[in-house]
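A.B. asks: What TrEMBL records for this protein is below:
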type     : residues : note
TRANSMEM : 20-36    : transmembrane segment
TRANSMEM : 48-65    : transmembrane segment
TRANSMEM : 99-121   : transmembrane segment
TRANSMEM : 133-150  : transmembrane segment
TRANSMEM : 162-181  : transmembrane segment
TRANSMEM : 201-222  : transmembrane segment
TRANSMEM : 234-257  : transmembrane segment
TRANSMEM : 285-307  : transmembrane segment
TRANSMEM : 319-339  : transmembrane segment
TRANSMEM : 351-372  : transmembrane segment
Amino acid sequence: MNKPESGNSSQSGVTPYESFAFIYMSILGSGIFFLPRTAAEVAGPDGFWVILVSGFIATIFVYCLSKLCQRFPRRTCISFIPEILGPSRNPQFGRILSFPFFILLGFYLLFLIATNIRIFAEILKIEALKRTPIEATIFILIFSIAFAAKTKPYILLKMNEFLVPFTLIPIVILLFAAFQNGEILNMLPMFQMNLNFFGNAIFIFIYVFVGYEIMLIMAGYYQNTDKSLKSHLWVMPFITMIFGITFLTSLSVFGPYEIVKIMSPTLELAKETRSPMLILERLEAGVLIIFLINIFTTVANFYHVLVRMITEIYRFPEKANTTITWILFPIVYALAVYLKNIQELERWIDWLSITHFIVIGFAILCLVIAVIRKKKGSPAHELDHPGKKVQESEDVS
């Protein structure tokens with residue numbers, strides 16, 4: 001096969017905009033379906049401030065993770081965390097110390113994939129495939145996602161890059177719905193929460209921002225880690241703005257008491273929208289399609305990162321990615337089918353929220369240790385760079 005063109009990510013590395021698109025699409029995911037209801041449940045009309053503060057805290061986390069990756073350019077966390085934790089004379093000890101974290105991160109990604117797929121399937125069952133057994137829907141979803149996840153990195157990155165503008169279409173529709181049916185009184189009263197309750201609400205709600213931690217793996221493919229730090233910091237305000245608009249528009253139409261009774265206020269809001277002169281009907285169908293593509297891309301990103309993480313931990317050759325993808329298939333399917341109802345799904349989300357804080361906390365601890373020990377790795381040798389390995393595999397194929 002001919003070598004990829006110089007513009008491909010596999011050859012020149014992930015560009016700052018591609019890193020922006022990848023992190024952005026990974027965060028957006030399924031959370032936007034339930035975000036208005038979740039925010040209203042934990043904070044009522046003050047959910048908007050919870051979103052802003054949660055977004056600010058998530059931005060701090062992103063900054064810390066980006067600075068950690070910046071200290072070890074063109075290397076993944078699988079490579080640099082053992083170096084941070086272990087003594088220079090005994091690198092094997094660092095690998096032993098870091099292995100429990102890698103196991104936790106792997107299970108975290110695995111359960112994150114299964115949870116998002118189950119949410120994906122539940123939404124499809126409610127809105128479109130009412131008579132189709134959910135097991136069949138989950139099987140088809142995982143099968144198609146696995147095909148996307150096992151593709152070459154630059155193909156998945158280009159897909160993320162292409163889809164970013166389309167994610168803004170539902171936001172325009174939601175704003176139009178609020179203009180048609182919204183009332184300012186539904187958004188009042190604000191500033192009713194005490195500080196203790198506000199802190200608990202942030203702890204619950206910050207799970208909506210999960211997804212950015214995959215930069216710990218993808219940073220190894222970055223073309224310029226310094227420039228990618230800026231793109232990471234742009235992602236969080238952008239996502240926070242989208243989440244804030246989604247909540248305010250839903251709140252203005254349904255009010256704080258009605259919104260908590262609706263499973264997906266975002267879709268219900270799209271159903272309330274009527275285009276001028278009925279030029280377009282059933283706008284919610286278009287919104288549903290775009291949101292489902294968002295979830296599909298999010299899960300494909302997680303799946304792809306998990307496969308590459310396993311490959312690097314056990315030092316498998318690049319061609320083993322396909323095998324690992326299909327080995328994970330029945331595991332993901334079993335986890336997604338195991339969930340019996342919404343209550344179990346919410347318990348899993350609570351567990352994932354706690355695990356999310358553990359993963360981020362450990363990564364920040366590694367940053368502190370790296371600063372104290374003055375650990376600052378040089379860029380990986382060209383032959384050891386993950387992106388280089390991908391390119392060599394493509395050339396051989």
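Cβ atoms are placed via backbone N, Cα and C, with glycine included.
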A.B. asks: Among 20-36, 48-65, 201-222, 234-257, 319-339, which stretch has the highest count of C-beta pairs below 8 Å with the transmembrane segment (351-372)?
C.D. replies: 201-222
A.B. asks: Out of 20-36, 201-222, 285-307, 319-339, what stretch is closest in contact terms to the transmembrane segment (234-257), meaning most Cβ pairs under 8 angstroms?
C.D. replies: 20-36
A.B. asks: Quick test of the contact rule: Cβ under 8 Å, at least six residues beyond the ends. What residues does that give for the transmembrane segment (99-121)?
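C.D. replies: Long-range Cβ neighbours of the transmembrane segment (99-121): 29-30, 33, 77-78, 81, 134, 137-138, 141-142, 145, 210, 213-214, 216, 292, 295-296, 298-299, 302-303, 305-306, 309-310, 313, 328, 331-332, 335-336, 339, 345, 348-349, 351-352, 355-356, 358-359, 362.
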A.B. asks: Between the transmembrane segment (319-339) and the transmembrane segment (20-36), do 3 or more CB pairs sit under 8 angstroms, pairs being 6 or more residues apart?
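C.D. replies: Contact between the transmembrane segment (20-36) and the transmembrane segment (319-339): absent.
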A.B. asks: Hey, would you say the transmembrane segment (133-150) packs against the transmembrane segment (201-222), going by three or more CB pairs under 8 A that are 6+ residues apart?
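C.D. replies: The transmembrane segment (201-222) and the transmembrane segment (133-150): touching, no.
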